[in-house]
Amino acid sequence: MMSTINSTPANKPIGVTSAISSAGPKPEDTKQTENIKNVLKEYGVFESEEELQHRMVVLAKLHEIVKEWIKQQSLEKDIPENLIDQVGGKIFTFGSFRLGVHTQDANIDTLLVAPRHITRKDFFSSFYEILEENKEVKKLRAIKEAFIPVIEMEYCGIEMDLLFARLALAQVPDNLDLLDESLLKHLDPKCVKSLSGCRDTDEILRLVPNHKSFKLTLRVIKLWAKKHGIYSNVLGFLGGISWAMLVARTCQLYPNAAPSTLVEKFFLVFSKWKWPHPVLLKELAAENKLGFFVWDPRRMTQKDLMPIITPAYPQRNSTYNVSVTTKKIMQDAFEEGFKTVQNIFLGKADWHALFTSPNFFQNYKHYIVLSAISNNEEDHIQWVGFVKSKVRQLVGQLENKPYIELAHVNPNHYPPLSPDKDCCISRWFIGLSFEKAEKATLDLTYDIQYFRTDTVYNRAVSTKIYKEGMETEVKYVRKKQLSDYLPSTVLKSKKKSSLLPTNSLEKVDKEKGTRNLRVIL
């Protein structure tokens, strides 16, 4: 009897090409899928029904706050009283929560959609003030200068990112469909960017053949990517939307496969993908009626190293932060993942092997230590977020220096070994792989000074983020000195990962000639 997972006719192509295989699952595939579920439960990936209901209650409360705020603003802007109850306003979700793949303690990506008489200035002033006065709101932070301006907060114990979009409508109905392209007419670019998260998420769900299989497969890939330190758009790896699109494309190519098979095919497809050939879930629009910037394969730039193109108009490359180094690291991770899954299907390993974290601190003999320092915890939350957003630029500077073959940032930041009562400190570690060098000097003085002064300090001042006591510190250390910064539980040896290209790993292990390379900061 055919499994219920086989819901897509073989002659109905989904995506930009026909399916590679429309075969349904075999009994062994179904068994392996159950094994995956059991392992995921051990990692606390699934949220309980009570936790989900709490999230729904919190979203409903936020929605009521939004509705009341818009009504009040409407009165102040002389909207006729008989229309006040009709102006509307709504909270939408997107990202992992909307996709149904969020984990325990994960944040919720939300979007506040308002009618045309409510402005972004209102959002960051009067609405922000309402949140400030709410005792259930903690860790409130407005980031007006971000690529997509956002309010971050913790509301009723749930972390949230809240975006804003003002539509060119007098009223925002409850049944509003954000996939309607006509809504984008007459909008400013910031509002279009804010809407893209919801539009892309809904379009992804529309373009996958089986939601249940897609969601479980995506949970596996998200956990794997996080365990392998390659889940971070801001640091040059892939973010949630990019991982979702890669899994969605796999589902299109194998529309009736079980999740266990989809995991194997995911690694097969993307370990052999010919970058920079783009990953597309649907054909690009033939014409650009509204005139927004749309990704065009005929005008690819150096930022298009691993183009993964969002499906909703205006289509964009979601991986513009990927660098030469992060691309190499992810390519090797795909290859390693494929080998691991093959061993699982051969009975040589179980699914735990896929989620075994490599020890970043065993892979390199040289590191750059970047510290973010501030006077108190409240300032530190903002400072860490700001400095993290600039780390990628430091890595880029290092990549371009002579003798540096690879600069690999660990996405995690770490506290000091002993808490400092006078300040708060968080540290990032960048592993360095050097080319052979005989009696050479690598002078990073200018690069470090430029990063600390121009990239961080001057930008923090100009965006009014900087507060007294906020500092950065950059040091070069050898592997044996890491014990001055990190506990033994972090440094303990695990399997050596091939998160580096194989030839780079060999150079890290041997490092002949680098003893004569002197590094100056």
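Keep in mind that glycine also has a Cβ here, set from the backbone N, Cα and C atoms.
Heads up, TrEMBL stuff is auto-annotated, nobody curated it.
Taken verbatim from TrEMBL:
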{"type": "COMPBIAS", "residues": "1-10", "note": "compositional bias 'Polar residues'"}
{"type": "DOMAIN", "residues": "15-208", "note": "domain 'Poly(A) polymerase nucleotidyltransferase'"}
{"type": "BINDING", "residues": "Phe94, Gly95, Ser96, Thr103, Asp161, Lys222, Tyr231", "note": "ATP binding site"}
{"type": "BINDING", "residues": "Asp109", "note": "Mg(2+) 1 binding site"}
{"type": "BINDING", "residues": "Asp109, Asp161", "note": "Mg(2+) 2 binding site"}
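Features per TrEMBL, on structure.
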{"residue": "Phe94", "record": "ATP binding site", "DSSP class": "strand"}
{"residue": "Thr103", "record": "ATP binding site", "DSSP class": "coil"}
{"residue": "Asp109", "record": "Mg(2+) 1 binding site", "DSSP class": "strand"}
{"residue": "Asp161", "record": "ATP binding site", "DSSP class": "strand"}
{"residue": "Lys222", "record": "ATP binding site", "DSSP class": "helix"}
{"residue": "Tyr231", "record": "ATP binding site", "DSSP class": "strand"}
Using Cβ-Cβ distances, find the residues under 8 Å from Lys222 (ATP binding site) that belong to the same chain and are at least 6 apart in sequence, listing them in sequence order.
Ser96, Val101, Thr103, Tyr231, Gly240, Trp243
Radius 10 Å, atoms counted are CB only; among the binding-site residues Phe94, Tyr231, which position scores highest?
Phe94
Please list, in sequence order, the residues in the chain of Asp161 (ATP binding site) that are at least six apart in sequence and whose C-beta is under 8 Å away from its C-beta.
Asn107, Ile108, Asp109, Thr110, Val150, Ile151, Glu152
What is the maximum Cα to Cα distance, in Å and rounded to a whole number, among the residues Phe94, Gly95, Ser96, Thr103, Asp161, Lys222, Tyr231 annotated as binding ATP?
19
Test of understanding: give the count of other CB atoms lying within 10 angstroms of the CB of Gly95 (ATP binding site).
23
Would you mind checking how many other C-beta atoms are within 10 angstroms of the C-beta on Asp109 (Mg(2+) 1 binding site)?
23
Name the residue among the binding-site residues Ser96, Thr103 whose Cβ has the smallest number of other Cβ atoms within 10 Å.
Thr103
PLDDT averaged over the residues of the domain 'Poly(A) polymerase nucleotidyltransferase' (15-208):
96
